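Taken from Swiss-Prot, the feature region 'Disordered' applies to 85-120. The annotation compositional bias 'Basic and acidic residues' is assigned in Swiss-Prot to 111-120. As annotated by Swiss-Prot, domain 'OTU' applies to 150-287. Feature annotation from Swiss-Prot assigns region 'Cys-loop' to 155-161; the stated evidence is similarity to another entry. Per Swiss-Prot, active site is recorded for Asp158, His280. Taken from Swiss-Prot, the feature active site, nucleophile applies to Cys161. Residues annotated as region 'Variable-loop' in Swiss-Prot: 222-232. The annotation region 'His-loop' is assigned in Swiss-Prot to 270-280.
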Amino acid sequence: MDVAEENSEEALLIKQQRKEKKEVQAKIQCMKNSVPKNDKKRRKQMTEDIAKLEAEVEARHKEELEALAQKPTEPTQVSSITNGVTSLDLGSEEPVQQPRVSKAQKRREKKAAQEKERDDRIAEAEIANLSGARHLESQKLAQILAERELQIRQIPSDGHCMYRAIEHQLNEQGNSLTVANLRSQTADYMQKRAEDFLPFLTNSSTGDMYTQEEFQKYCTDIVNTPAWGGQLELRALSHILKTPIEVIQAESLPIVIGEEYSNKPITLVYMRHAYGLGEHYNSVEQLDTSTENS
């Protein structure tokens, strides 16, 4: 290509577009570096922004070339086109560098560093936990359940765990009772038989037995909040369902509530050290031996 061809409008425009594409790619790389990998929401938005930016640049470059092909070649046109292209603020050094020095970018980087530090602490805690109470408890429970050809069925730790575990087992038996149903029936049963439950409920501040008002609130909370359920609620549910409820524990023998009933027992797993949040209930299911047999 001679000097004249190199300085033609088309050659200059193509050269300028190539430069612009490189600058856009630099900006895209900067955008990628500015968003933490574990921030899925922002990375999804970033991916959409990048795709939109690339599509806009590609479309505009095509329009510029088509427009150039339809116009007579004049020296002033080259200046007009190239000036218009260079004036576009897509990949200049200032926008590329700006995210690294802006206050917003610094806040994002600080947040990303804090999230990384938190993830590192969680990872360290998980490693330490391999010899901790939670791991030992899980191992012991797995051994106890395996002897019955059962395994733990994980239940979310959201305050409803006991009710969800019972719901799971009832559903396995074809019973469609929900957590809401179980909570409502539990509260109703306890309210109608307050004398059977009041002696076991005390005010944590005074140590005194619940008043009628406190007991009423306790029952209302069972229905309207994710209040954690315990042995009193299990006793009520055993009578409601006319079914024994067996609670397996790692550190002591199983507890059976409602032994007077002959229906197939509901089996729960009580975990004292689960999730670092304290007491928790899981359900059980048949042991999956497919991995061992494969």
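Here the Cβ of each residue, glycine as well, is placed from N, Cα and C on the backbone.
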*How far is it from Asp158 (active site) to His280 (active site), counting Cα to Cα, in Å?*
9
*If you draw a 10 Å sphere on the Cβ of Cys161 (active site, nucleophile), how many other Cβ atoms land inside?*
25
*Hey, how far is His280 (active site) from Cys161 (active site, nucleophile), Cα to Cα, in Å?*
7
*What is the Cβ neighbour count of His280 (active site) at a 10 Å cut-off, with all protein chains included?*
20
*Count up the helix, strand and coil residues in the compositional bias 'Basic and acidic residues' (111-120) according to DSSP, in that order.*
10 helix, 0 strand, 0 coil
*asked:* Just to be sure I understand the packing, how many Cβ atoms besides its own are within 10 Å of the Cβ of Asp158 (active site)?
replied: 10
_So, three-state DSSP: helix, strand or coil for Asp158 (active site)?_
coil
